[in-house]
Amino acid sequence: MAENRQKALFVHNIGELWTAEGLRAAAGPAMGRVKKFRDTCLYIEDGRISAIGEEARLRAAATAAPTFDAEGRACVPGFIDSHTHFIFAGWREDEFYWRAQGIPYMEMHQRGGGIQKSVDATRRASLEELVRLGKARLETMLSLGITTVEGKSGYGLDKETELRQLQAMDELSTVMPLTIIPTFLGAHSIPPEYKDRPREFLAFLVREVFPLFKKRGQTPFVDIFCEEGVFGIEDSRWYLEQARAAGFALKLHADEVKPLGGAGLAAELGATSADHLLKASDQDIQALAAAGTIACLLPLTAFNLREPYASGRRFIDAGCAVALASDLNPGSCYSQSIPLIFALAVLYLGMSIEEALTALTLNGAAALGLAAQTGSLEPGKDADFLLLNAPSPGHLAYHAGMNLVHSVFKRGILVWQNGNVLGPARI
Ligand code: NIG
Ligand code: FE
């Protein structure tokens, strides 16, 4: 089916427009260099930004285009949530309360609860059920201004269910106006069938599941949960080398609970991103910066696990490109709150509002290999943008945990406004 794109649109009366710039991730000090326009307009042709500027200058070119009045609202690029696990069945609210009483996340994992509980429920769920559950979560994402989202498999740990999770994302791509990038996370946990045999399980994934995903040709990334008690450094290196040889780009859940050195491994292998990084060492952070591997920080997970946040400041000062994402999942973080991410980034991660915006837009796009196409507002890029119920994007962290999104445009088409999904079947 062909992509839907707005033929032409002229958005005028924008109060303040803020955007990062560039076709690749912004690293270090570049993260704070956000371009700011006042009293400006956006001219869109064929679903892409054609020009940004003053009404008097742009109007002439845009005479035939329908006009949209932003009524003085602020404008930013659509948010990119570059790390989620939004396709799963069942719930784990019991664990949330156990954690609140002090039981560690990994203890539940070791007792066979945790991820395995979601695996059991997801294995039992039909494709229709997974699509229904995923759709509701995508609707919430749209309402929060997310126009591109990554979704990981990893609640199947067998061929059939992993494929079913990916099929659910395929189907949702045809009915929801967001870009969905699937990641193969079969190496999320060791299923009971392979208890204490991590390497054999990984070899099974390489042998029997990789070819299926390669054949589909739509799964750019392979990810692994590199963690003590799950997949260690050597198993992770072996697996990711196989993935790279099979043509996948790489992501890692790295140094979340124990400082295993997953961030260093990500840099060594040239991974696109290393995610979590709560326990990453200074040396490994420098290695990420040197390798150009994006540091994807997930503050909602640290909040939920009551762990010290990964300091965004430390990563940016070391020269890294930092992305921020939700990590929406049924266990360690059932939240997709972009507003709370903004507030945490500024109040606890030591980031400026400009750096947080870059992390949730351009660098999120780069973490998904899409920085040349989306993530910033500049001529030639997709017209994925938001209008906010605020005069300036500076309000994004200041209205702590509150949704400021007024309207969401995907490829120039208004797809969400005032609580309603308006979008066409497919973007
Ligand atoms: O990114 N840490 C591993 N994976 C997820 C949690 C998955 C779960 O608890 O279901 C994460 O936090
Ligand atoms: Fe995760």
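The backbone N, Cα and C atoms fix where each Cβ goes, glycine too.
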* If TrEMBL says His83, His85, His253 bind Zn(2+), which of Asp170, Asp327, Asp382, Asp384 does it name for the same site? -> Asp327
* Identity of the N-formimidoyl-L-glutamate-site residue among Tyr43, Tyr97, Tyr155 (reference: Asn329, Gly331, source: TrEMBL) -> Tyr155
* Asked: If TrEMBL gives Arg92, Tyr155, Glu256, Ser332 as binding 4-imidazolone-5-propanoate, which of His188, His395 does it give for that site as well?
  -> His188
* To do: With 4-imidazolone-5-propanoate as the bound species and Arg92, Tyr155, His188, Glu256, Ser332 as its recorded binding residues, calculate the greatest Cα-Cα distance and give it in Å as a whole number.
  => 20
* To do: Give the distance between the Cα atoms of His83 (Fe(3+) binding site) and Ser332 (4-imidazolone-5-propanoate binding site), rounded to the nearest whole Å.
  => 13
* Asked: ligand 1: which of the binding-site residues His83, Tyr155, Asp327 have a Cβ closer than 6 angstroms to it?
  -> Asp327
* Asked: Greatest CA-CA distance (Å) over the residues Tyr155, Asn329, Gly331 that the record ties to N-formimidoyl-L-glutamate?
  -> 11
* **Among Arg92, Tyr155, Glu256, Asp327, Ser332, the binding-site residues whose C-beta sits under 6 Å from ligand 2** => Asp327
